[in-house]
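Trainee: Please find one structure pasted underneath; my questions will follow.
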Amino acid sequence: MVKNEKGYLLEAFSRDFCPSFLVKIMKLLGDKEVAFAFFKYVVQDYSENTVKSCCISAHFLAAGDLRLLAQDMLSWIIRRIGKCRSDEVVEFMWREQYKYECDFSVLDSLMRAFLTAEMVSSALEIMCKMRENGLRPSSSAISILFKLLLRIGDYGSVWKLFRDMLHKGPRPTNNLFNVMILGYCRKGRLQTGESLFHLMTKFGCEPDVFTYNILINAYCIRGWTSYALNWVHMMVEHGCIPSISTFSTVINALCKEGNVVEARKLFDGMQEVGVFPSTVTYNALMDGYVKAREIFQANMLYEEMKKKGVAPDAITFNILVAGHYKYGREEDGDRLLWDLTVAGPFPDYLFSDVSIAGLCLTGRLNEAVALLDNLLEKGIPVSVIAFNCIIAAYSKEGLEEKAFEVYNIMVQFGQTPSASTCASLLMDLSMTGRLQEARDLMAKMIAMSFPINITACTVLLDGYFKKGDVMGARTLWEEMEIMGIAPDAVAFSALIHGLVKAGSVEDGYDAFFQMIRNGLVPNNFVYNSLITGFCKNGNMNEAQKLERDMRERGLLPDVFTINTIINGFCKQGRMKLAIDSFVEMQRSGLQPDIVTYNTLINGFCKAFDNVCQWMGTDITTYNIRLHGFCSTRRINRAVMMLDELVSAGVVPNTVTYNTMMTSACNDILDRAMILAAKLLKMAFIPNTVTANLLLSHLWKQGLPQRALIWGQKLSEIGFEFDEITYKILDKASHYIQENTDYCTETTEKSLFLDFLMYITYDYIRRSRVYSDNNDSSFELVEDRPCGSFKLVNKATVYPI
């Protein structure tokens, strides 16, 4: 009827149907899913009579050994009528249950129906009703109840229910403990998960491979791979054989850390204990090699995979093709695609996935979309991977409308969006500032039971902070807890950084402690965010406390950390503490950068400004302040100070001239010429340092030949070179020998440097002539008449 568009004939049936007749039709359909789909199609009215008839139908189904179908039917009705009317279903089912099935069967079906509808409080009420009637709930139903309570974070009810089980049954099982351990680990409560692990043996349960894998995975997610390996060793010691999943999880974590060497050792070691890698394991290690840019090793692993008969999948080819296009040769990527077409037999969807992914990676997006359309028209299956590749490519290009078009096609063709799909779309909307649309999309995906992972939430959270909507970010964080999405280290980093940047340093600090309580390890980014916030607020004690905490946790403060603390002290004028931090920085092996020195220079300049208000200034003070301005390229301020110096009657010295001359060589031409003119007007006095800095600038600015020419001229007038001069001239000579095609073009800047060099040369030459003519030194001269020697002033000796 439906296929032939005669569904209208079912309208009368849906308004007033006979429960037994409905059950007969559902049984005749033979397939559970088809029968349930038929039920949902015909039952469109949710009046009291219809609900009652549905309850009777559920009784019939349960009595006919179709309890699962009965539970699905009840769950569907409960979802549609809502919490406020759900009591009607309980009343109808309980009132006449004795005619069809036993007490336990009815209450168990109702409990499971409420659990499927995620109405936890109603499920708890049904369980209480079972207890009142002396019935014991099934272990599987209680496990589902625990799962839901943990997901919503109702820990009080979890422990209350656990105590109730211990007193009244059913006895806890391995499966129940695994559910609880997994629930707490997902919420970041790793210590509670471990405590439950150690509690298992007291209740006659023995941790199995699933128990260990849950904890190992939890440690790997948090980046504690060494602890995860300890659990693997403990697992083996207790006689529990690790599974492929155990090794794949740890290998994947090691590769993500960039520790491919250890990952390979573990990969080889697992085979020695009789556990052989699967496609997932090979993919994890292969991805690690590719990210480490070891394409050759990835290829060798692929060949080994084929030789051992492990079938590659779409992910295998995507990893390799992406690696060749990014870090290797495109022709190797094309060869892999060709291998896929000829090596077969591979499923059609595998070829289509890899082909589409390859086109997206090479930027041939239009061809990828055309191929997708062609495949869909021909009815060739395409998996979620192919759709995700195109959606991610469109999102990366900022073509959000196109991305959503592909998303809609994906849903239309029956593909369930993955966490990667959601993350790509939410990232796209968040980066373009369309946060409300992103929230609407997330709500829609949740309503449709599409997977929403922590990555998608973190992207949206970061989007709120970037837009300055702190309230929106806080609300999203609370909703994440309600949805049972446990924040990871990246999510906490985004929250803390966003709060600190918005000025809520204390709130960021609270989030920091919550992160630690959840068993997550803060990284340098988190610490640097908080240290920056405290330094801005002037709370240097807390900033230093955090720096010490970093070291205690095994994290080495980086240059940014120390620069921030130095800047904080400089702003407060506490220069001794700033210098102490600078010294400690070098002791710990960190190299100061330009920011470090500029921060200290600015700090000292401000300190000198304050000191100069109550004490006199001499040329040394001025020189330090001038150096500070020049090193931070505040030339205008330096020139003003130079005028101030002259007005104050302070005589510039050679240090003053050379400091300003260095600025003139580094500055733009116009300002440099003005500054040079001012120095000449002030009777500029060059010396060896001046000559060296000009020779150095000639070489550095691509004029090594000019540097050598001026060096020759200076030597001809008897100018005494120092060690620095010789090094400069030696570098210029080597540069000419190694770079025969260096530029010899004359520029305005080179003429300016030549001009300054000529002034320096001329001053030194004239000073040398004057010095020679007025040399008052003495020498030993033979006194011929006496035959002895005497001291004679060289200036009075005349040639005969």
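Glycine is no exception: its Cβ is also placed from the backbone N, Cα and C atoms.
The following feature annotations were taken from TrEMBL:
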REPEAT    103-137  repeat 'PPR'
REPEAT    138-172  repeat 'PPR'
REPEAT    173-207  repeat 'PPR'
REPEAT    208-242  repeat 'PPR'
REPEAT    243-277  repeat 'PPR'
REPEAT    278-312  repeat 'PPR'
REPEAT    383-417  repeat 'PPR'
REPEAT    453-487  repeat 'PPR'
REPEAT    488-522  repeat 'PPR'
REPEAT    523-557  repeat 'PPR'
REPEAT    558-592  repeat 'PPR'
REPEAT    618-652  repeat 'PPR'
Trainee: Using a Cβ cut-off of under 8 Å, list the residues of the same chain at least 6 residues beyond the repeat 'PPR' (173-207) that approach it.
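Mentor: Result: 139-140, 142-143, 146-147, 149-151, 153, 158, 162, 166, 214-215, 217-219, 222, 238, 240, 484, 486-488, 518-520.
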Trainee: Tally the residues of the repeat 'PPR' (138-172) by DSSP class, grouping H, G and I as helix, E and B as strand, and everything else as coil.
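Mentor: Breakdown, helix to coil: 28 helix, 0 strand, 7 coil.
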Trainee: Within the repeat 'PPR' (208-242) only, compute the mean pLDDT.
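Mentor: Over the repeat 'PPR' (208-242), the predicted model scores a mean pLDDT of 88.
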Trainee: Across the repeat 'PPR' (243-277), what are the DSSP residue counts per state (helix, strand, coil)?
Mentor: 26 helix, 0 strand, 9 coil
Trainee: Reported in the order helix, strand, coil, what are the DSSP residue counts of the repeat 'PPR' (558-592)?
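Mentor: Going through the repeat 'PPR' (558-592) residue by residue, I get 26 helix, 0 strand, 9 coil.
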Trainee: How do the residues of the repeat 'PPR' (453-487) split into helix, strand and coil according to DSSP?
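Mentor: DSSP classes over the repeat 'PPR' (453-487) add up to 27 helix, 0 strand, 8 coil.
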Trainee: Which residues, given as numbers and ranges, are at least 6 beyond the ends of the repeat 'PPR' (103-137) yet have a Cβ under 8 Å from it?
Mentor: 58-59, 62, 67, 70-72, 74-75, 78-79, 83, 86, 89-90, 93-94, 97, 144-145, 148-149, 152, 154, 157, 161, 164, 168-170
Trainee: Sort out for me which stretch, of 243-277, 453-487, 488-522, has the most Cβ pairs below 8 angstroms to the repeat 'PPR' (138-172).
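Mentor: Between the candidates 243-277, 453-487, 488-522, the best contact partner of the repeat 'PPR' (138-172) is 453-487.
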Trainee: Would you mind listing the long-range same-chain contacts of the repeat 'PPR' (243-277), meaning Cβ under 8 Å and 6+ residues beyond its ends?
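Mentor: That would be 209, 212-213, 216-217, 220-221, 223, 225, 228-229, 232, 235-236, 284-285, 287-289, 291-292, 294, 297, 308, 310.
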Trainee: Under DSSP, the repeat 'PPR' (523-557) has how many residues in helix, strand and coil?
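Mentor: Summed by class, the stretch gives 26 helix, 0 strand, 9 coil.
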